[in-house]
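S.K.: Take a look at this one; I'll ask things after.
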Amino acid sequence: MLLLYHRVHTCFKVEVDFFSSLVLLEDSPQENGVQTNQYSAISPPSSPVAQDEPFSTYFEDKVSIPDNVSQVFSFRKLWAFTGPGFLMSIAYLDPGNIESDLQSGAKAGFKLLWILLGATIIGLLLQRLAARLGVVTGMHLAEVCNRQYPTVPRVILWLMVELAIIGSDMQEVIGCAIALNLLSMGSIPLWGGVLITITDTFVFLFLDKYGLRKLEAFFGFLITVMALSFGYEYVLVKPNQGELLKGMFVPYCADCGPVQLEQAVGIVGAVIMPHNIYLHSALVKSRDIDRKNKNEVKEANKYYFIESTVALFISFLINVFVVAVFAQAFFNRTNIEMNSQCNATGSPHTSLFPLNNNTLEVDIYKGGVVLGCFFGPAALYIWAIGILAAGQSSTMTGTYSGQFVMEGFLNLRWSRFARVLLTRSIAITPTLLVAIFQDVEHLTGMNDFLNVLQSMQLPFALIPILTFTSLTSIMNDFANGMVWKISGGIVILVVCAINMYFVVVYVTALNSVLFYVFAALLSVAYLCFVGYLVWHCLVALGVSCLDFGSRVSNPPAVFIEEQSEYDS
């Protein structure tokens, strides 16, 4: 049936819709007349459907790699590989992360910087796995999931990842709307800012028509805007450098209570985002690499890791700027202090701070307001510019994530215009309703729910990436060694446990029996599916006693030798 569909598609160029994509999800013992099985080494599909990528404009042109450089390390080659890591790092700078940073500084001072550093290092290790999968196999994580999991699990997996992307998109819409409101001094209402984000995203997405490197340069420009904006605030506030270094490298939180613990958990949840794993595994396909040449693949892995390290180091510095600003200026401040200061400067936002001695609670909106009250209007406007750059860049990378995920899981190819229209409509509808009928506090309050939503989706990216990078039938000589298998498993277990704690804390704070019952029922289904993914992962990691029907177990060594694409 699959072969017949491919021939019909070739003759008549029938566009694949959702229902026909479900047909493609069915397992087939043949692919283009070549007998395959569940243990064969994965290689890029050679079918007409797979080759015809009219809408994947990100890959219309591939960056060539200099081949006449013989040094162990070459800046020319590093420059050729530079791009995907910086696009990936934008997810570490989205409005949700910025809000987590400023709340960390306001609630715990410099004490949680070591958590931010640790979370970024963990993120780097996970992104390394994602990049290696894309380089070695020539396919991204969603495509590998499509070939390895049965139909029902992979459709569920696709839905979970789509939820994470939509949740992230909502945060970016909120961030852009707030930034526009601050920049216009309230002239653009929040609902107006939400609507504006629909049109500007389409405008920016047309940039990829001008070439891959120009698109990557534009993302680099947005990162530079964020660095300059939040760096300006850092220089203006002049944080205590001794306290900053102590908080970054001493893993201890003196006099911390439940509030600081929840904030620490929130930092991990905000930094490590599920759809970013899928995104990075796809972005690395944009370089012209001969996957049959083992040395080229090894070299690509090296340079991509270096580039990712540099990119995440820059994103870490920008996050530190935000934490340090609010730790120095607003840690342990009270609402009445903020009210008095804003009133003295004639700020129109004085009413945001009630006349009580409760500890100040800030978000990305109040963050700009308090900076304006203490350091002048320039600080407010520059803050808003940084938030706008964060929201716009994250929106665009989120759109790419959505397209890669949809194409990989469903073989469903939509134009980028249609893809943005779908995700933006889903993300904007609830956001717009809250912006129209509620105030800014309710709008920024949605970020807590969206962080919980994305925390719940983390296992659906972390478990598959560890599973597939541990299989020699997929990764050949580049499969994870025992150290990576054990450390990767521990890291993913810790990250998932931390995020589940975050979810439990959020649900228990709702104080509703109805929510408790609903959460309990949802938890049963959720844990069953996570357990299914863990089972496959343990088999891939070598726990052979659990291998009773898993599709992902490693084949015998002799079979791997026969299938290896690196055999001479």
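Any Cβ shown, glycine's included, is placed from N, Cα and C.
Feature table excerpt (TrEMBL):
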- 113-135: transmembrane segment (TRANSMEM)
- 219-237: transmembrane segment (TRANSMEM)
- 264-283: transmembrane segment (TRANSMEM)
- 304-331: transmembrane segment (TRANSMEM)
- 364-390: transmembrane segment (TRANSMEM)
- 421-438: transmembrane segment (TRANSMEM)
- 458-479: transmembrane segment (TRANSMEM)
- 486-507: transmembrane segment (TRANSMEM)
- 513-535: transmembrane segment (TRANSMEM)
S.K.: Cβ pairs under 8 Å with the transmembrane segment (486-507): which stretch of 113-135, 219-237, 513-535 has the most?
M.R.: 113-135
S.K.: So, does the transmembrane segment (364-390) come close enough to the transmembrane segment (264-283) to give 3+ Cβ pairs below 8 Å, pairs being at least 6 apart in sequence?
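M.R.: With fewer than 3 qualifying Cβ pairs, these stretches do not touch.
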S.K.: Look at every Cβ pair spanning the transmembrane segment (219-237) and the transmembrane segment (513-535), keep those 6 or more apart in sequence, and say whether at least 3 of them are under 8 Å.
M.R.: no
S.K.: Counting only CB pairs under 8 A, let me know which of 113-135, 458-479, 513-535 has the most with the transmembrane segment (304-331).
M.R.: 113-135
